[in-house]
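Record features, source TrEMBL:
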type: REGION; residues: 1-23; note: region 'Disordered'
type: REPEAT; residues: 60-93; note: repeat 'WD'
type: REPEAT; residues: 103-144; note: repeat 'WD'
type: REPEAT; residues: 152-186; note: repeat 'WD'
type: REPEAT; residues: 258-278; note: repeat 'WD'
Amino acid sequence: RANGSAEQTGPARATRQHDPVHTDAVTSVGALGPDLCVSGGRDKHVAVCSWRSGAVLRRFTGHEREVTKVTSAPGSSRIFSASRDRTAMMWELHGAAGLSQRFPGHELVVTGLAVSPDGSQLCTGSRDNTVCTWDVETGERLGRAAIARNLVTHLCWVPGEPYVVQTSEDKTIRLWDSRALRVAHTFPAKRHIQTCCDVSPDGRLCLSSSSGCAGEGGEATLWDLRQTRGWLCEYKGHFQTTTSCVFLPRGAALPPGIATASSDGTVKVWDRDTGGRG
């Protein structure tokens with residue numbers, strides 16, 4: 001809890017520590033509702049834990065190599081994972097909990113994973129330069145598109161829309177139309193590899209983050225999904241690769257914010273509209 005939060009009274013409470021959930025590096029984590037989180041690791045496991053107690057509720061096994069991405073279907077108990085074993089998988093948290101669907105077909109590690117707002121489709125991307133869409137009920141591949149040198153680093157579905165934002169090692173951010181699996185727009189290329197992306201809850205803005213070294217690069221960039229002329233704002237201050245970027249929930253008395261994480265060992269919070277650091 002941050003100092004001054006509504007739930008904190010009296011002296012700052014000591015941080016609780018729990019036994020490790022994974023036996024090796026944790027590679028991805030995501031929220032699964034207000035009380036649960038899902039994580040994937042180098043130990044090939046997918047785990048569901050309670051934010052509050054730290055208890056492990058489920059541990060799923062089935063991947064043959066490191067889990068690279070985890071995410072969940074909006075408003076659902078379905079969990080999706082991607083792996084270096086070139087597959088994505090769908091897991092059921094409740095009922096007959098366990099593996100319920102497998103999505104094979106990529107030729108290299110799966111590095112992008114996004115679920116449609118209605119939970120009916122999955123989009124995957126890989127270092128094999130391809131993006132695929134899948135029917136989550138049947139496991140059928142609905143589409144496949146390949147672009148030379150398009151080494152996918154991250155995917156994010158636009159809320160309420162049939163569009164998927166994708167970042168790539170070719171330094172571009174692409175907007176895919178999932179209905180025909182074609183590129184609807186490519187934003188102006190950045191100077192460095194684009195490592196991650198996020199879309200605002202209203203579906204109007206997109207964030208991307210850049211690789212960097214020794215203070216060169218490492219910025220996050222704000223884009224308007226309705227316009228194509230260029231970026232709106234850049235957030236500079238990291239000294240190494242910015243590995244992750246997210247829009248923060250809007251507080252009643254706070255300006256819109258974003259957060260970035262970097263290989264320089266820091267997390268920074270920014271004023272979304274001015275680029276100032278909080």
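Every residue gets a Cβ built from N, Cα and C, even glycine.
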Task: Just give the helix, strand and coil counts over the repeat 'WD' (60-93), going by DSSP.
output: 0 helix, 19 strand, 15 coil
Query: Of the residues in the repeat 'WD' (103-144), how many are helix, strand and coil by DSSP?
result: 0 helix, 23 strand, 19 coil
Query: Which residues, given as numbers and ranges, are at least 6 beyond the ends of the repeat 'WD' (103-144) yet have a Cβ under 8 Å from it?
result: 68-76, 78, 80-84, 86-90, 150-157, 159-162, 164, 166, 176, 178, 180-181
